[in-house]
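See structure below.
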Amino acid sequence: MKPEWSQWAQEAKKQFPEANSSLLPLLHRIQDAEGWLSDETIHDVASLLGLTPQYVESVASFYSLFYRQTVGKNVIHVCVGLSCALAGSDHVMEELEHKLGIREGQTTPDGEYTLLEAECLAACDLAPVVQRNLRFRGRVDATKLDALLTDDGKEVNS
Amino acid sequence: MSQQYYLLRNREVPNIDEMPVYLAHGGYQALRKALNDFKPEELVDMVKKSGLRGRGGAGFPTGMKWGFLPNDGRKRYLVVNSDEAEPGTFKDREIIEHNPHQLIEGIIISSYATKAREAFIYCRGEFLFGSEQLKRAVREAYEQGFLGENILGSGFSLDLEVYRGAGAYICGEESALLESLEGKRGNPRLKPPFPAVAGLYGGPTVINNVETIANVPVIVTKGADWYTSMGTAKSPGLKIFSVSGRVQRPGNYEIPLATPLRTLIEDYAGGMLPGRQLKAVIPGGSSVPLMTPDKLDTPLDYESILQAGSMLGSGGCIVLDDHVCIVGATARLVRFYREESCGKCTPCREGTYWMTDVLDRLEHGLGTPEDLDTLADVADNIGGKCFCPLGDASLGVLVSALKYFREEFEAHVAQHACPMGERLYDTINN
Ligand SMILES: Cc1cc2nc3c(=O)[nH]c(=O)nc-3n(C[C@H](O)[C@H](O)[C@H](O)COP(=O)(O)O)c2cc1C
Ligand code: SF4
């Protein structure tokens, strides 16, 4: 357990009328710092909030944005919703698999990138859409893919 | 097209997401007016009179929903649904990213009207920028004294918290959302009791969509009569339609209800891509039945769309042209429900799995004539037999596709291949 976590747990609890509501915010905060949620982290969060590890695990496993396995420094989500598919998202996925040398669901050996599918990201006006660490890139094409992998991470919202 | 904006004001006022700019353009004047000139009950009446209906999908009258709160002295909550994840819908995202103060002003007025002392925005986990914008705007609102104790000296106090989800479409369903907000898995609750009676932490709770609440300051400023001067008697006012798919200008369009579907697609969204013909429209998000081109003159109001065999839903309008395979498009959408089924009840969990399997088989040319009956049979075992509306939602496009485009399904079987080359996407030149 990192020393600051108990402070974070206290802050999260204070935000809500009932302490259980602090579970998701605390998981988010710790994952933001650690990159993922290990078994040990699940145990630590449980003890910080007075919950059982089984309970924390059952909650964490419900949500697709909580990572229970290590992920790359950059998590790339390719939207595979219908509107993005109509704008070529399947090609975007293929192109990324090719560029990164991995399949969907995998992480590059150097730990830089994880490539994942996302269900409709509610940005169909920008289709096809990709997120890097949850920052949107819209109207992605082959040239933008290179930028997406290497630029400074500035978000493109429109 | 030149247009006046009431909800997407960011389109005409740059940086309206910043407090000083919002204030300079009349921001929080509706809040002052509401607190100074109206009792809570009068505001509920005003919203009732405006005829505003929920923009999250179901179209339930907002004022009536507010009226269901029991008068039993328990602490009340207001929860805003910003989980926007219905495929084809992206209107709430624009509001929270680019006009968040209008939502917050609406939340404060709505909380005053419903006597809620604490409010929450449940923001979809994938909306990282949107949640940052909301958090900043909330902080600014506290600094200005629009949130917190004794707001503008009115005696009314309100706390507002932004809560991030973590990736689950089902958490847009209001009872699953409340579970998630209580730190649990997002499984829907049995209803009744409805949230108005037993919602967040068991207390009386109002849940409304982002766009619904963003309408409230407009109604307070312009009045209920102005609001009902647009649309129809049963579907009054303004609605944002999100148009995506094979049109020239995908985007959000804020228009009066009852505007014809043709106007939305051909004028606002710029019409079809060059040389393409309209094949079908999903007018209200992925959960509603397809409409065929002969229905293009249908006015976009709740009743007319229902009469035309579909639903207005969330206003997420997905446009398919003659180069899109209907079987492939249907497979893609049904797969979404398989991925997002919460797994609580069997017909939805297993049924969406089987339907996806059969549809993929058909699309890849491996289907048999019996597969069409299997699809109909599985659909029959889902419809009306699920714990929450997600199960039924998985059927909207499928059942209508089987009805209107049956020969296309049959052609996949007969030719042992997709006649269109399994095409969802092609560039305009090939
Ligand atoms: C599966 C499912 C997903 C839903 N997703 C959303 C959503 O993302 N946003 C939303 O506002 N309403 C969503 N709803 C509708 C909510 O349950 C609820 O009716 C709505 O938030 C009420 O607000 P309104 O009356 O202002 O529309 C969903 C419903 C279902 C069944
Ligand atoms: S219908 Fe689907 S989403 Fe709804 S409760 Fe059942 S399994 Fe869960």
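Using N, Cα and C of the backbone, Cβ positions are placed for all residues, glycine too.
In TrEMBL, annotation is done automatically, which means it is predicted and not curated.
Annotated [2Fe-2S] cluster binding site per TrEMBL: A:C79, A:C84, A:C120, A:C124, in sequence order.
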Task: Cβ-Cβ neighbours of A:C124 ([2Fe-2S] cluster binding site) (radius 10 Å) - done: 32
Task: Cβ neighbours within the same chain of A:C120 ([2Fe-2S] cluster binding site) - under 8 Å, at least six residues apart - done: A:C79, A:G81, A:L82, A:S83, A:C84
Task: For A:C79 ([2Fe-2S] cluster binding site), the three-state class that DSSP assigns - done: strand
Open item on the list: Suppose we draw a 10 Å sphere around the Cβ of A:C84 ([2Fe-2S] cluster binding site). How many other Cβ atoms does it contain, all chains included?
Closed with: 30
- [ ] Please classify the secondary structure at A:C120 ([2Fe-2S] cluster binding site) using three-state DSSP.
- [x] coil
